[in-house]
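A.B. asks: Let me give you the structure first, and then I'll get to my questions.
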Amino acid sequence: MSGKHYKGPEVSCCIKYFIFGFNVIFWFLGITFLGIGLWAWNEKGVLSNISSITDLGGFDPVWLFLVVGGVMFILGFAGCIGALRENTFLLKFFSVFLGIIFFLELTAGVLAFVFKDWIKDQLYFFINNNIRAYRDDIDLQNLIDFTQEYWQCCGAFGADDWNLNIYFNCTDSNASRERCGVPFSCCTKDPAEDVINTQCGYDARQKPEVDQQIVIYTKGCVPQFEKWLQDNLTIVAGIFIGIALLQIFGICLAQNLVSDIEAVRASW
């Protein structure tokens, strides 16, 4: 009579190595983002003078790379090592951290819907604050130029917002050649032109409004962003729902792996 062998609880190799493989990619992406951010700061001399971090009056886009890279690095490290070494502490940390991010995203989405007007005012303030610092940082300048070109807009609510910048304002004390003008990214594009005319915005705001509409974008970036959001609401909502489902899936997998590991240890 052959004896029956009892097969105890096992750790799922599929779940273990799926979490490991996914987080290895996440980890390396985090390192890449951090590397880009630190390289950008080194190029701007920030690493040799840390106090200069607070000198910029506007938003430094490098912070996006550093914050996103830091979060991805921490998550990737915890998920990767936790799965490979079957470390329940790191796996639980991974689940909790991912859960906190999910909760913050959900809270931000609800607050953005409830306080739409307040968000709009803050966006207006944010853009105008960065308009003031347009020439202070090359990364900020490139971000503003990209935004205005992509959404075909100028300023927060119109081209006159550029009066806030010391180089573009129309005051008599402004001796800049850019006086009463706008950046080239506000200019309407001629498809036949291959070379960008960086002086196309000179004196643009001295012209009558009818003539301004021919040479520059007169709509503000806040209303243009609102329009873009309404036109692409299904896509944007789909992306956010997809990210949320991935986060929930990651939490469930990590918790499943923790349960397997604890069950195996309990059977020893």
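Residue numbers in this text run from 1 along the chain shown.
Using N, Cα and C of the backbone, Cβ positions are placed for all residues, glycine too.
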A.B. asks: CYS154 forms a disulfide with which residue in Swiss-Prot, given the options CYS180, CYS186, CYS187?
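C.D. replies: When Swiss-Prot is consulted, CYS154 turns out to be bridged to CYS186.
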A.B. asks: Going by Swiss-Prot, do PRO61 and LEU90 end up on one side of the membrane?
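C.D. replies: Taking the topological domain names from Swiss-Prot at face value, PRO61 sits across the membrane from LEU90.
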A.B. asks: Which one, CYS180, CYS187, CYS200, CYS221, is listed by Swiss-Prot as the other cysteine in the disulfide with CYS153?
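C.D. replies: The record-listed partner cysteine is CYS221.
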A.B. asks: On a C-alpha basis, identify the one among ASN169, CYS186, ASN232 that is nearest to CYS153 (disulfide bond); the candidates are the recorded positions.
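C.D. replies: So, spelling it out, the nearest of the recorded positions is CYS186.
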A.B. asks: Give the mean pLDDT for the topological domain 'Cytoplasmic' (83-92) on the 0 to 100 scale.
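C.D. replies: The answer is 94, the mean pLDDT of the model over that range.
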A.B. asks: I'd like to confirm something. Which of the recorded positions, CYS200, CYS221, ASN232, has a Cα closest to the Cα of ASN174 (N-linked glycosylation site)?
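C.D. replies: The answer is CYS200.
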A.B. asks: Mind checking which residues reach the transmembrane segment (62-82)? Cβ under 8 Å, same chain, six or more beyond either end.
C.D. replies: 19-20, 22-38, 40-41, 44, 46, 88-91, 93-94, 97-98, 101, 139, 250, 254
A.B. asks: What subset of the disulfide-bonded residues CYS170, CYS180, CYS186 lies within 10 angstroms of CYS200 (disulfide bond) at the C-alpha level?
C.D. replies: CYS186
